[in-house]
Amino acid sequence: MAPRALPGSAVLAAAVFVGGAVSSPLVAPDNGSSRTLHSRTETTPSPSNDTGNGHPEYIAYALVPVFFIMGLFGVLICHLLKKKGYRCTTEAEQDIEEEKVEKIELNDSVNENSDTVGQIVHYIMKNEANADVLKAMVADNSLYDPESPVTPSTPGSPPVSPGPLSPGGTPGKHVCGHHLHTVGGVVERDVCHRCRHKRWHFIKPTNKSRESRPRRQGEVTVLSVGRFRVTKVEHKSNQKERRSLMSVSGAETVNGEVPATPVKRERSGTE
């Protein structure tokens, strides 16, 4: 018997079924594996990406302006406090400012206490030509006139030396005003070589301890943080006005009159 030929539709259906059965197990595992790999790449973070994203230099760029702004803000605060009468200092700057204040106060006291003759001599001696002529005149008088008075400050005069010492005595202390030293011996010529040739070094005042430094009158510490201090000092003009008022009131009480108050003075003026 000859085999029967299958119809075309049956052959086409069989081919589609076989092709689907063969292709489905091959494609499905590929899709599943790609999905699992894709999910793994999404869920597991890689350490290389984290280290690459961090930029520590950007932190420095952000901190520098912050510190700069803080410094400007501190300077502004100190400027405002100084306008209101406060004083912002540190321990390093305090020594220099105290020396300047002491010099200013010393000059003020000298100017207030000096008399008219002293001021005239001071202004005359400011001129170098006058000072040289005066020194030459004093030197000539001391050389040609043995009876002329010679002071230790006179140019050309021998320095003062202590008197003769007893056998069991101790050497005297020779003080020149510029330096301190000890001179011993019974001969008057036994003097300091530096005094004779005017070679000396000025004595610098010893640095006092911080605790023994007296505070200036009217100084009040408002804030103290480490080396930074904020103090408030009264103006010297107010102190001088108070002193003048006290002196005027004292003079009036000495004369036997009671000082009148400002209210009484106004009433007397209106009357």
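For all residues, glycine too, the Cβ spot is worked out from N, Cα and C.
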From the set Ser114, Ser224, Ser249, which residue is assigned the annotation phosphoserine by Swiss-Prot?
Ser114
Candidate set Ser33, Ser237, Ser244, residue annotated phosphoserine in Swiss-Prot:
Ser244
Check the candidates Ser34, Ser109, Ser142 against Swiss-Prot and report the one noted as phosphoserine.
Ser109
Which one of Ser9, Ser23, Ser247 gets the tag phosphoserine in Swiss-Prot?
Ser247
Test of record reading: of Asn31, Asn107, which one does Swiss-Prot tag as N-linked glycosylation site?
Asn31
